[in-house]
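One structure is given here, and the rest of the page talks about it.
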Amino acid sequence: MAYYTDSSSSESEDFEDVINQVVAEEDITGAAWYDGHLSEEDSPGGKPRPKEQLPKDIVKMDARAYQLEMLEASLKENIICAMDTGSGKTHVAILRIKAELEEMPEGQVVWFLTPTVSLCAQQYAVVKAQIPSVQTKIVTGADKVDSWSSTTWDGALLNVKVIITTPQVLLDALLHGFVNISSLALMVFDEAHHCNKNHAYSRVMKEFYWESKTKHEPVPRILGLTASPVVRSDISSLKRLESTLDAVCRSPTRHREELIANSQRPALFSIIYNPKLQPYAAGFSESLTKLMAARNKLNILEDPYVVSLRAEISDRSRRKLEKAIKEKRTYVQDTMKSFCRRSMEMAKELGAWAADWFISEAIRLFLAGIYRQGASSKSFRDAEVIFLARVFQDANIEPPPPLTTHSGLSEKVQRIIEVLLNYDKDARAICFVKERATTVVLSHILTTHPEVSSKFRIGTMVGTSFVPGVKRDFLDLPETGGSQCLEAFREGRKNMLVATSVLEEGIDVPACNLIICFDKPNNLRAFIQRRGRARMRQSHLYLFVEDEAEADWEALEAQMKLQYEDEKREHERLEAIENSEALDYPEELRVESTGARLTINDAKSHLQHFVSTLASRKFVQTQPDYLIEKVSQGYQPGDQPLLKATVLLPVSVPQALRQVTSSRTWVSEKNACMDAAFQAYKALYEAGLVDDHLLPLRDRLELELEVRPGMREVRGLYNPWLSIAAACTQGDVPLCRRALKVSDGNNSELCEFELAIPVALPEMKPMVVWWDHRAQLTLRIDSDAVMADTDVRHADQTTINQQDHTSVLLSLAYGHRNMTIRDDCILRLVSKSGPLSMEQLGQVEFAPGLVTANGSSYLVRDERDQSRHPYYFESVLPSKPPAESIRKVYRGFDEDPTEATYLSVRKWPKKTGFFHRPCSPQHSPSTKPYAYILPAETTTVDRIPLVYAQMGLLMPSLVCYTELYLVAAELSRKVLAPLRISNVSMLVEAICAKSARTPENYERIEFLGDSILKTCITVNLAATKLHLPEGILSLMKDRLVSNARLCRAACDAELDQFLVTQQLVTKGWQPPYMSDLAKQDQEPESKRILSPKTLADVVEALIGVSFVDGGLPKALECIRLFIPESQPRPFSEVRDILFGAAEPKGMKLPADLQLLEQLIEYSFCEKALLVEAVTHPSYNVSGTVACYDRLEFIGDAILDYIIVEEVFALEPALENWQMHLLRTALVNADILGFLIMEWSYKQMGFEVCRANEGDSDSKSSGDSTSDKASPRLEQTEVPIPLWSFMRQSSAELTMEREITKARFEELRDPILEAMRSGTHYPWALFARLHAQKFYSDFFEALVGAIWVDAGPGFDACRAFVARSGVLPYLKRLLRDQVHVLHPKEELGRLAGRERVEYVVKETLKDDGDGKEWACEVRVGGRYVTDVTGCLFKEESRVKAATQACEILKRK
């Protein structure tokens, strides 16, 4: 029977008028045409693909030991895996499919069979989520497979590796020759107990599998899954099942203890009820009375079917007419009969009120469906629907009054209400019923019951299978949101489901603590399946039984009690065995040096602690697994079997230590496991993973991490002038003479000197100094040095005057100050333009022509001032200007005559020679035209050009600059002598802190050195500690590169005395005079307080200098110099070690990973490296050699190195903060996660579409042949993303990956738009994407694997990073000057000294379905903005910070 959709149209309208306005999309007498109440898989008008609406909560996939055992068994032979519901059969199938895909030849497929469409959708979701790297397809009857051709099948299976279908689909394909049994590599039979009699399962095996096997032709491997292989307690049925499936039934009996621990048993209660109809306040069901009356009033001669037959003139139609009238078998008659019968059953089962609501609701849905979809009176089939609708209208049936009491409810319903209200725990419940309609009606009753609804949030779940071409029964009250309810139940938003037997088996739901069998289970198997849903501790199971059927119930109850008793006896047997065996184990592990010891009693707890310290990654199981094996050797019947235990450690443990067996046999599983744990811990100690205190090595490393002190007292700065003065006092020292040229900002040479100093000067970069915020000067010191034979100290005064103009220059600039000016300055300047003398200062009286004589400018001096202060000359004034026009008047201004010549001058600067451009003056320009006024008659003019005075003023900067090079040269000569660094300029950069305000500081080169250090240490540790897990390697690396360790290295090497931290102070500055230095040499060594980070930064800067000077080899030498215990080896050597350690050698790449090499455009020489790189640490499957942890450890450093090298080499050179921003933007987990999701391979595939799909012309209202038309193939491109190749076995990771995939599909376009053309880096979008770290870990593991395979160079890795999009995005960020600063950091800068507060709250969504985050931003206690609707806490902060930045910048 057909059922129809909901509608809000008025029922009083004429149906023919309504119908004639709508063109029917499908024949309403055919398959269901209503899409409003159908799931996508049920709708024949749509694609039967449960894709977007698949449940997000995937079956738990953490492999337990007994599941791994079942996998091993299935790899050896065909098996039927018999395990309780909820114990993880599906995971065994997933592991088996993965193993098959690795070996499966091209052209074969894995065929996964499930008995129902619901299970097809369930298992499709699981396979798709767990094995996303291959094409997986689901095919059911809804795909119209009965009309598929050979071409259709070939297209549908193109590039498909796993196909999930109902058994009838496969059987039909085999029967018609579209699929050959030899093309199947593996067949998985879900709910394999159905394989009996004439079931499609059985026919596939008997008619095709066994026929081919008998002929010795290839046949697929078999894996059956079941929770109850014995049907109706018939043991012989097990033998038949094994024979039919050519498989042996296997249950993990070797792990019975663990299996029982993972399968909780609920307490069992029976509820006896009276099935008789209960009295109803509104009388016996009024609606049912009206419905039966309407049925009795039907006139068969008015039936549309009869009318249409009477209009035909043929013998066939006459025979049909006679039969229809005689038997009253028409659509209308059958529907009314069924409606009345089912309404009566509803009244008996649930009560009269329930029957009234059922009748009114069914009629409402039927009528509303016609309004929604329409029908045409041109077809007699539509005429039947219109006729039936008018019958319902004429019956005038109204909904019952609201349910306020138990009146009108059956005793059975009243009992379930009592059970629910009396249940005193936080419930997670399933109520099993028999009929589809009962689920809807009972759910409605419980939902509208005030007390029940306050305690339970109730949903429904029914089966969705149907046969295409058969009318759907609207009397089933089709529920609209089964999959949504199931998802809400999984997420905890609903805590009770009313469901049919569809939830008995197969479909994965969370563990429950309350199971209600509203209808008695049909057999023991159904009971076992339902009981398996109650896996929580202290669960309850209620069985409802009619008081008239107690005898039948007692027989079933006896079976169930027997089952319980068997399980209880098993528990008791295990306990008795453990108590009976004496623990005679003399062996112990003792460490003589520490006195530590370990016995068998402590071994399991120690081993558990060791595993928990291996890593702190999410989604990784942190506990050992134990396998129990019965030893058959020497076993006699009747003897207690002897056992051995094998402990399995996580894949991050070296393979040789990962599986350890007990040293002897035991009767008790417990003792065998303790023995295995002891042997395992002993092996770990011998391998060096446990220290001499018998504690995990990680614990000791964490304790040994050096704590960086707050500040540290170190040596004072090395003074090179003291060393030079000491050398000069000991004998003649040759002078180093160099040309010093001074030029302006236009590169015009202003003057030239000879710089003389009694020490060899290294090559010096040009010194750029700023005179003020507008003008700069450049001092170039030629690199070609001329060494004089003698020191001018011993020359006469005339010679000194001729060869040393330093004192004159100082007098020009500083003579008016309190500076002591003498002739014994170590650094001397000699003018190339002729001799300079003190007599030339203020030599002549002022005359206008003298100030700018010979094209030069000269200083003027005030002779009335005892210090003879110098001034810049500006103009001549014929008379004294008013005092109001002068910014500052001199003393005695008012007494001087008005009618006299005056000079307008500017004051000589107190401070200049800045290494960095100073800020422009902040004060507003003065309105007074004259800065200073001097009388012309008391003013004199220098006869030395102004540029020499400027040079004198720059002497502090020149001495400071020279001192930097002398300090660096001494550092190179002493501490860094083994490195033979040729570029002293870079050493100057490396030893200067930012606080010194020198021309350059170490921040840029330290940025490079930091990455070089971590890369060198990382690859060396990985190569020299092959047996250590990544977690321990990370701690060892952190210990070697920590600021505390580097600080200690700096002090141990006496590097601290070469670190420049204080800037040049010109106030009180004195030149380095020989006489003063002789006195200082007698003073004790000075001390200073420095930050340990500053000392550590200098070490990293020197490593960077070494790299620039001599590449990685010299950088390794520098690391060896400062951190001798690291003993770094050349990159070629460590790469060869790592490459040689890859196992197994020469392996063939698994078939499912061959596509990955094409995707990344790199073919591995050692395929084992690629397999290791794609293996997540949760993948604890037998045979796994290693996981990607160690490769990720390497790849993280290599990726950082590649990015740092790229940004460091950019021209023009970037500032340190710019490089930090770019590195942060390019190697964070968010962008790497996004890029690995975006990076995909487009594989060709075909979708099977209806012939009339998308073709409105073929959908005529009366045409019923369109369903028979042949389907068509539509070519598609199936994306296979890079992340899908990661092998993992974690339920939580799979769920997180599926949820992240949905977010990625939502955010992909806006993120790509921002990356391609946005002005800002998409921090907020990435925060919403919230890619977990395993995405970036996978990316980095691939980088590490490529380097080990292709190294020791980085070209292959750099090419991979470029293909990923990281390097192109770097160019885009630079080209378009994208704003990269993180919003939270930017907000902190905009706020200045005001405090920024993020007030984050977790709230319910507006629809009450789930939670979201909101954030309010306050700056300085003031509200700025707020955001809502965020998925994550950090996202709310980032979004709020982004908005706050925009608001503050506008202000």
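Note that Cβ sites are derived from N, Cα and C of the backbone, with glycine treated the same way.
Listed features, source Swiss-Prot:
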REGION    34-53  region 'Disordered'
DOMAIN    70-247  domain 'Helicase ATP-binding'
BINDING   Met83, Asp84, Thr85, Gly86, Ser87, Gly88, Lys89, Thr90  ATP binding site
MOTIF     190-193  motif 'DEAH box'
DOMAIN    412-582  domain 'Helicase C-terminal'
DOMAIN    603-704  domain 'Dicer dsRNA-binding fold'
DOMAIN    968-1111  domain 'RNase III 1'
DOMAIN    1153-1351  domain 'RNase III 2'
BINDING   Glu1192, Asp1337, Glu1340  Mg(2+) binding site
REGION    1253-1272  region 'Disordered'
SITE      Lys1333  site 'Important for activity'
Nearest-integer angstrom distance between the alpha carbons (Cα) of Lys1333 (site 'Important for activity') and Glu1340 (Mg(2+) binding site): 11
Secondary-structure category, per DSSP, in which Lys89 (ATP binding site) falls: helix
Proximal residue to Asp84 (ATP binding site) among binding-site residues Glu1192, Asp1337, Glu1340 (C-alpha distance): Asp1337
Spatially closest candidate among Glu1192, Asp1337, Glu1340, the listed binding-site residues, to Gly88 (ATP binding site) (Cα to Cα): Asp1337
Stretch of maximal Cβ-Cβ contact with the domain 'RNase III 2' (1153-1351) [cut-off: under 8 Å; candidates 70-247, 603-704, 968-1111]: 70-247
Confidence summary (mean pLDDT) of the domain 'Helicase ATP-binding' (70-247): 89
Composition by DSSP (helix, strand, coil) of residues within the domain 'RNase III 1' (968-1111): 95 helix, 7 strand, 42 coil
DSSP-derived structure type at Glu1340 (Mg(2+) binding site), helix or strand or else coil: helix
Beyond the site residues Glu1192, Asp1337, Glu1340: chain residues whose C-beta lies within 8 Å of the centroid, for Mg(2+): Tyr1188, Asp1189, Leu1191, Phe1193, Gly1195, Asp1196, Ser1336, Phe1338, Phe1339, Ala1341, Val1343, Gly1344
Within the motif 'DEAH box' (190-193), residues counted as helix, strand or coil by DSSP: 2 helix, 0 strand, 2 coil
Cβ atoms near Asp84 (ATP binding site) (within 10 Å, other residues, all chains): 21
Counts by DSSP class (helix H/G/I, strand E/B, coil) across the domain 'Dicer dsRNA-binding fold' (603-704): 39 helix, 20 strand, 43 coil
Fewest Cβ neighbours within 10 Å, where candidates are the recorded positions Lys89, Lys1333: Lys1333
Residue pair Lys89 (ATP binding site), Glu1192 (Mg(2+) binding site) - Cα distance, angstrom, rounded: 32
